[in-house]
Structure formats: C-alpha cells, structure tokens
Amino acid sequence: MLIASTLDPGGHILPLAYGIVDSENDDSWLWFFENFKNAFGEREDMCFVSDRNKSIWNATAAIYPEFRHYACIYHLWTNLLKKTYRDTEEVRPLFFSLAKAYTVQEFDELMTRMDQINPKYRAYLQKANYEKWSRAHSPVKRTWTLTSKIIESLNNTILVGRRLPVVPLLEFVRKTIEAWNEKHNEEGRNTTTTLTSKYNEMLEDNRNLSHRMLVRASTIHLHTITDGAKRFKVCLNTRMCSCGRFQHDEIPCSHALAAIRHRNKHRDDYCSAYYSNKNYQDTYAIPIEPLPCESTWDVPSHVLEEVVLPPITRKQPGRPPKNDRKKGFTEGEGKKRKVTCSEYGIVGHNKKTCPKKTHDN
C-alpha cells in the first residue's frame with residue numbers, strides 16, 4: 001500500500017491518496033504520482049518528504065521536476081548511526097537540534113559541537129546535502145514536516161486492516177478516514193478562536209514569553225527586542241525575526257508578539273491562513289460518502305462480465321513475518337550494546353582498553 005499524507009491545519013494526519021500495487025518499485029511509484037498529480041495538480045511551495053527510497057525520489061523527479069524533495073531526518077539519523085556506530089546520549093539531541101535549527105548560525109554552532117564528538121558526522125551529513133534535511137538551509141518553508149513519521153503513524157493505525165484481502169482492506173481504510181473526518185469536523189465546529197486549538201495554544205505560550213521582553217522601535221515596522229542578554233530584530237512588514245521562527249513557521253514567535261503588542265496590533269493578522277479554523281473546517285467540508293448495501297448496487301453489465309484473475313505473486317522464503325513493519329536500527333536491531341568499564345564504571349570501553357587504568361600504571 002502506497003500512501004501520501006500531510007498535516008491538516010489542526011496538526012492531525014490528513015491522508016491525501018493511497019493505492020495498492022504489486023511491489024514498491026519505480027513503476028508503481030510513477031503510476032502513483034501520475035494519479036496524484038491528476039487529483040491535486042501543483043501547489044505553491046509544494047515539496048515532498050520521504051525516507052530516501054530511490055523509487056520515490058525517481059518518481060517525484062519525473063512527475064514534479066520543479067519541486068523539491070527532502071529527506072526524513074529520523075531515517076537520516078538511523079543511517080548516520082549505521083555509518084558511525086555511535087549512539088551517545090549527546091549525539092541524538094544534538095543531531096535533531098541541528099536539523100531543526102532555524103538559523104545557519106545556530107546550525108554551525110551545533111555542528112561544531114558534533115565535530116568535537118566525532119568528525120565523521122560532518123562528512124556524512126555534508127554528503128547527504130544540508131538542503132535536503134536542514135531547516136535552516138531549506139529554500140522552502142517546510143514548517144513542522146521534517147520527518148515521514150506521519151506515514152508510520154498511519155501504517156500503525158491500519159495495521160489490522162493490512163492483513164485483510166484487498167477489498168476489505170480498502171473498506172477498512174475508508175471507515176477509518178470517515179471516522180477521522182467526523183471527529184475533526186466536530187473539533188472545528190467547537191473551536192471558537194480564529195486559529196485552530198493547537199496553534200492558538202502555541203500563540204498563547206509565545207505571548208506569555210513576550211511579556212518579559214523589552215521593545216525598542218526603529219520604524220513603524222522595524223523593532224529591536226531585548227530578551228535578557230540577547231537582542232533580536234523583528235520586521236512586522238516582512239514578517240521576519242532574526243531568530244528565524246517567524247518567517248519559517250509563519251506564525252509570530254515570542255519576539256514578534258512583543259513587537260505586535262507594542263504596536264497594539266492583532267496577532268492573528270500575522271499568522272498564515274493555513275492555521276485558521278476556517279481552513280480547518282473547509283478541509284473536512286467534503287464528506288466521506290457512506291457505502292450503501294451491496295444488494296442495492298447498480299453494477300454495469302460490462303463490469304459484471306469482466307473476469308478478474310488473482311495477481312501473480314512470488315512466495316517469499318521462510319516463515320511469513322507476524323508484524324508487517326520491521327524494527328529500525330535504533331529500535332533494537334543493529335543497536336550496539338553499551339560497554340562499561342568494570343574497573344571504573346565508565347561507559348564507552350571495557351576494563352582491558354581503559355585509558356584511565358593505563359595512565360595509572
């Protein structure tokens with residue numbers, strides 16, 4: 001099953017298209033994206049995020065040559081571990097902070113810290129191309145979509161249905177999306193704020209942080225925001241802040257909200273229309289049509305006469321896996337056991353290779 005998903009204005013998974021093919025290869029993904037383009041066309045600043053599967057990259061390059069394709073930072077992280085075989089408590093938060101950094105300056109500072117742990121990290125990440133995974137280097141605003149984990153979440157939701165034959169599987173997926181559609185419709189109807197609940201809460205958190213900041217205006221649009229020992233430049237006209245969040249997320253950061261409050265402006269006017277509750281309701285305005293009883297179907301005669309043969313399949317060797325999803329490198333398979341020195345209790349080496357013991361001798 002091939003699936004394309006995105007995030008809706010409420011921050012929920014929104015399945016856009018899905019299809020069943022014989023296997024995951026160049027031809028199947030090409031067919032998928034040809035139909036995807038017929039349904040959705042092309043959108044401004046559209047981009048793709050995947051697990052670096054070559055067939056997906058080949059298909060998007062052929063069907064959407066003008067649009068960018070990015071690598072899921074989670075899959076990049078697991079590949080990085082496979083290459084370097086190091087998973088220290090320092091590296092993981094450093095890598096994800098590096099990928100999510102809003103400015104090149106912040107990115108460079110974090111990369112320098114990674115160099116101190118292992119210079120091999122920089123070499124591998126440079127080869128992967130910073131633009132393909134780093135938020136700070138991305139020419140397209142990807143907002144919150146830095147991984148393809150929403151597909152993993154969707155796969156886990158329909159895990160039971162994936163064991164069914166094709167037709168019951170499709171009906172299982174239809175019922176799942178139908179239930180989500182009504183749930184999110186109700187959430188939109190019960191929301192009284194201009195923005196959806198998730199992003200309204202984010203604005204409230206930023207507003208609370210902005211109260212401790214000092215504002216000095218240069219022009220009607222340009223402001224200097226002092227937050228403790230740090231200073232930030234905010235331009236309300238271009239909707240930009242030197243911290244990078246205002247322009248990347250398209251929602252006011254705490255520094256921008258300090259300037260907005262200083263000018264007595266309405267904060268919702270500086271948010272992208274994407275976050276509005278109206279767009280959220282419009283997303284689910286088209287219902288998932290209920291399927292009528294099969295006895296009432298008016299099936300054309302040429303469909304009834306068509307003979308559908310079973311697909312040609314190849315039995316895989318060995319016992320069929322109980323779970324469809326294989327565990328990743330960081331979830332147990334391939335993850336190295338931590339070695340601890342029995343002499344001094346230090347993680348990273350054993351008693352025989354202990355540098356402290358050698359020094360003592």
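Each Cβ is built from the backbone N, Cα and C atoms, and glycine gets one as well.
All TrEMBL annotations are machine predictions without curation.
Only residues 6 or more beyond the boundaries of the domain 'SWIM-type' (232-264), in the same chain, are considered here, and those with a CB under 8 A from a CB of the stretch are 101-103, 106, 135-136, 141, 143-144, 199, 202-203, 206-207, 209-210, 213-215, 217, 220-225, 270-272, 274-275. Annotated domain 'SWIM-type' per TrEMBL: 232-264, in sequence order.
Annotation comment: TrEMBL describes 310-336 as region 'Disordered'.
The compositional bias 'Basic and acidic residues' annotation in TrEMBL covers 321-334.
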DSSP helix/strand/coil residue counts for the domain 'SWIM-type' (232-264): 14 helix, 6 strand, 13 coil
